[in-house]
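For reference, Swiss-Prot has these:
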type	residues	note
MOD_RES	G2	N-acetylglycine
MOD_RES	Y26	nitrated tyrosine
MOD_RES	Y31	nitrated tyrosine
BINDING	S46, K65, H93, K96	heme b binding site
MOD_RES	S46	phosphoserine
BINDING	H62	O2 binding site
MOD_RES	Y134	nitrated tyrosine
Amino acid sequence: MGAFTEKQEALVSSSFEAFKANIPQYSVVFYTSILEKAPAAKDLFSFLSNGVDPSNPKLTGHAEKLFGLVRDSAGQLKANGTVVADAALGSIHAQKAITDPQFVVVKEALLKTIKEAVGDKWSDELSSAWEVAYDELAAAIKKAF
């Protein structure tokens, strides 16, 4: 991978702000997309036991945390060229036996959500910046298993 540029970091950061502008709505988009592709994922998230409820603070909090981690990964990539994940994140994903295909489902849902959040500002360059930041975060989480 080449160096993560300042422009890529700015694209991720600005689109994260678009996501944050309506976290309840975009949390629903995100988790609905995950459950459409992988219904069994419902069992991996305790806050999905009653479905996708935008008024559930755990649902919106988890979405904001995940998208924030990807944004932070973009910052780490720009500053250091690598992403380091907290060991606890690796431990949680290891305990739940998260697989590569599950990481892909989350990435696809994340991209769909950001695309909806930014509307006509969506571009291949924006998609690529989020993909790189997410992929590097996922790799760091797996390394911390």
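Using N, Cα and C of the backbone, Cβ positions are placed for all residues, glycine too.
Under 8 Å, Cβ to Cβ, and six or more positions away along its own chain, Y31 (nitrated tyrosine) finds F45, L48, V52, L59, A63, A109. For the binding-site residues listed here (H62, K65, H93, K96), the lowest count of other CB atoms within 10 A around the CB belongs to K65.
Summary of the heme b site environment: with the site residues S46, K65, H93, K96 set aside, the chain residues having Cβ atoms within 8 Å of the Cβ mean position are L44, F45, H62, I92.
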